[in-house]
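What follows is a set of notes on a single structure, which appears directly below.
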């Protein structure tokens, strides 16, 4: 029988641990605080901002918002980022993307303080992951995948894991994180030959191609653990993953749903990164 790898118990366990860690930091005189920078008022950004604030409040994390005009200049934005970087009362920075055209994201990702970069925009934080150092701030989506695998006690040592997708956001850092846990990792992408056969022989299949319902029964076996990272428009006002859940759901050993899977864990990872950043800054000070 297929095990549904739901996010809810993963998030509940993480939040309970976060409450305890935040309380311990406050007892030592540090109040973990997140700075949220939002350019413009896109409805999805405003919704996500409110959701993050709500989740922060639930575990005792303070927030400070920086709503900026949609037409802000690069110079003015740089001034705000510099201010936030140097504010010792802020331990983490969350910047909503995509940014308007006049703001150069390639420049900005080098501006953001690496020690406060809880969403892993800074190349310095990704470099640590690629060097096998998982002690810093981890990219949220790959870390969410790893947290789900840990929670459900999926054995990684010696397991054959196929990561479908090679982006810097998910595929590449996730592959390094799996390698660090002694999995044998294969990366597949749009040019991979015989992709269904490669995936079908894996113990763990992680779908991060960004293609709605691409993964069907040809890619899996009854022994597959399937982790669906995809969030796509299903065309009917709903979202779907990269996995065809109806075709695959009852044919595998375990599977994450969409919604209710990886995406639901990423916000908890974001808060976890904030607490980690707060601890690191306490040590440095």
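The backbone N, Cα and C atoms fix where each Cβ goes, and this holds for glycine too.
Keep in mind the model is a prediction, meaning the values are calculated, not measured.
The NADP(+) binding site annotation in TrEMBL covers 165, 166, 167, 231. The Cβ of residue 165 (NADP(+) binding site) lies under 8 Å from the Cβ of 171, 187, 188, 189, 206, 207, 208, 209, 210, 229, each on the same chain and at least six residues away in sequence.
According to TrEMBL, the feature domain 'Tetrahydrofolate dehydrogenase/cyclohydrolase catalytic' maps to 5-119. When the domain 'Tetrahydrofolate dehydrogenase/cyclohydrolase catalytic' (5-119) is classified with DSSP, helix, strand and coil residues number 60 helix, 19 strand, 36 coil.
Summed and averaged per residue, pLDDT over the domain 'Tetrahydrofolate dehydrogenase/cyclohydrolase NAD(P)-binding' (139-281) gives 97. What TrEMBL records for 139-281 is domain 'Tetrahydrofolate dehydrogenase/cyclohydrolase NAD(P)-binding'.
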Same-chain residues at least 6 apart in sequence whose Cβ lies under 8 Å from residue 167 (NADP(+) binding site): 208
Secondary structure content, the domain 'Tetrahydrofolate dehydrogenase/cyclohydrolase NAD(P)-binding' (139-281) (per DSSP, counts of residues): 55 helix, 26 strand, 62 coil
Residues near residue 231 (NADP(+) binding site) in space but at least six apart in sequence (CB under 8 A): 239, 241, 258, 259, 263
